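Enquirer: The structure is given below, and queries will be raised subsequently.
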């Protein structure tokens, strides 16, 4: 890849959902082509149908692999790789089938393989419906865990990132009642380390400020409302001092921490569980938050919304999250492949 713009594999997600629609809308303008060369991994007929719906005049350029693409293919064509063929009757808005769910898996597997082989610099994944996928044999809680298995990664951290707020999660898709037992010093150290490394290497921050949220109300109030802050969170944070390039502080009461981070006091927050971290970021970045997988050997971002079957084919799906996800993948790829691996806590 000699082009200065990184190639980003863009998986379609569920072709029966809004994935094709938001891709068609996002790629109808030249904006994304200015920061990267997007390569859609998905179904050509689904994309063409969505392009017609959006009024896009671009043509789909079907490839077998990224290596077939010229260094500068221009912005008048949308490169696409179709790892599996689907019939027209398989792709009905809002009605996923065993065939389409199987195709979704192939899209992800192919994009990851291209990234591991160096044929693309990053992967941006479209929305999938985990419940429908599970009905048809998908045995992972979600994208993040599947990517962890495909890349053989020991630990992957889920981050939601917006222009004013970034949040990593210590635990992801877990019942709230199970969260306290899942937290331990070594696990939290690793989550903090992976987040700190990504802030430097992928986000390009020279001296990031990372804050850790408490688990309990008022961060436990010195043990009155729980001892996790005393026995787990503080030891994990203290073990990372003296700090390296990243300053790590906390644990802070979560009810005020996110406002402080949003105001610019911190560059990112480590939250203890799913809704603690995702409620505030979706409140302020509902249309432009990006799901980022940290700790992988590849760059991976994703839209921060689902398949929205009720909007598929209506032209009302909003492409903002997809546009932001591709732009962030391009930025992360540029930073990662231009930089030397950082030394972090």
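Just so you know, glycine gets a Cβ as well, placed from its N, Cα and C.
Since we're looking at a predicted model, the values are computed, not measured.
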Enquirer: Besides 143, 144, 282, 300, which of 129, 291 does Swiss-Prot list for that substrate site?
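Expert: Site partner of 143, 144, 282, 300 for substrate, according to Swiss-Prot: 291.
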Enquirer: Of the candidates 134, 136, 262, 274, which does Swiss-Prot annotate as part of the divalent metal cation site that also includes 173, 218?
Expert: 274
Enquirer: Which one of these binding-site residues has the most other Cβ atoms within 10 Å of its own Cβ: 143, 173, 218, 274, 300?
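Expert: The residue with the densest Cβ neighbourhood is 300.
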Enquirer: Measuring CB to CB from residue 144 (substrate binding site), give everything in the same chain under 8 Å that is also at least six residues away in sequence.
Expert: 156, 158, 172, 293
Enquirer: Taking the Cβ of residue 282 (substrate binding site) as the reference point, list residues of the same chain whose Cβ is under 8 angstroms away and which are at least six residues distant in sequence.
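Expert: Long-range Cβ contacts: 160, 289, 304.
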Enquirer: How many other Cβ atoms sit within 10 Å of the Cβ of residue 291 (substrate binding site)?
Expert: 24
